[in-house]
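Novice: The structure under discussion is supplied below as structure tokens; questions concerning it will follow.
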Amino acid sequence: AIGNAFAVLSNPEKRLRYDELGSDQEHVTTGQARHYNYYTEFEADITPEEIFNVFFGGHFPTGNIHMFSNVARDAHYYPRRHRTERAWTQEQEEEDNRPQNSYSAFIQLMPVFIIIIVSVITQLMATNPPYSLFYKSSIGHVISRETENLQVPYYVDKNFEKNYQGADLQELEKTVEKDYIDYIQTSCWKEKQQKSDLSNLAKLYRDERLKQKAESLKLEHCEKLSSLIGMHKGG
């Protein structure tokens, strides 16, 4: 009854025919005394469960709904497929699509796998640098040394002297001095920027205390840089 009511109410044409002819079981007699049975499409292949899904399940019925118009009682028509057969067909379609969905997911995750693999390989192949400009016990750079040319301090591990001697040591110390000069230059620029900012703030707010702080700020790294330049010229 629910299925029939839904079939009629959901289709304007069926509702109009129902209003005109009534139930599909009515026999209408014409003026020629011939009897006709009017099957006005009031039976639909839909179950109460499917109607429930329409309103509460968020989707329309997935089964085949067959509508029939003006079909006599002795007419042949295709019956609806059994619910078990329909469920089996749906499961078969899902099983056929499952490998393709898995392959698509694998393709989408491929960049992540590549990044992880590259990261692991990089960590396995990475080696500790031979020196540090600062004391680093975590990688064993605890032995202090100075470059022969500019007396730049740096730190190495206990096996450094075995691996670096002669020309190799000289080339390494040139690299140490270059890194140290780059660090000193960057630190000097930061000190000058900090002093300039304090001076500007002191002028903007007419703050004598900020002015004194800016004037007393020492440019230690700039002084080291000047000293290194003098040593380089003297050498």
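Glycine residues also receive a Cβ, built from the backbone N, Cα and C atoms like all the rest.
Automated prediction, rather than curation, is the source of TrEMBL annotations.
As listed in TrEMBL for this protein:
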type: TRANSMEM; residues: 105-126; note: transmembrane segment
type: DOMAIN; residues: 126-225; note: domain 'DUF1977'
Novice: Could you give the residue numbers and ranges of same-chain residues that sit at least 6 residues beyond the transmembrane segment (105-126) on either side and whose C-beta is under 8 angstroms from one of its C-beta atoms?
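Specialist: Result: none.
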Novice: Find the average pLDDT over the domain 'DUF1977' (126-225) in the predicted model and report it.
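Specialist: Computed over the domain 'DUF1977' (126-225), the mean pLDDT is 93 on the 0 to 100 scale.
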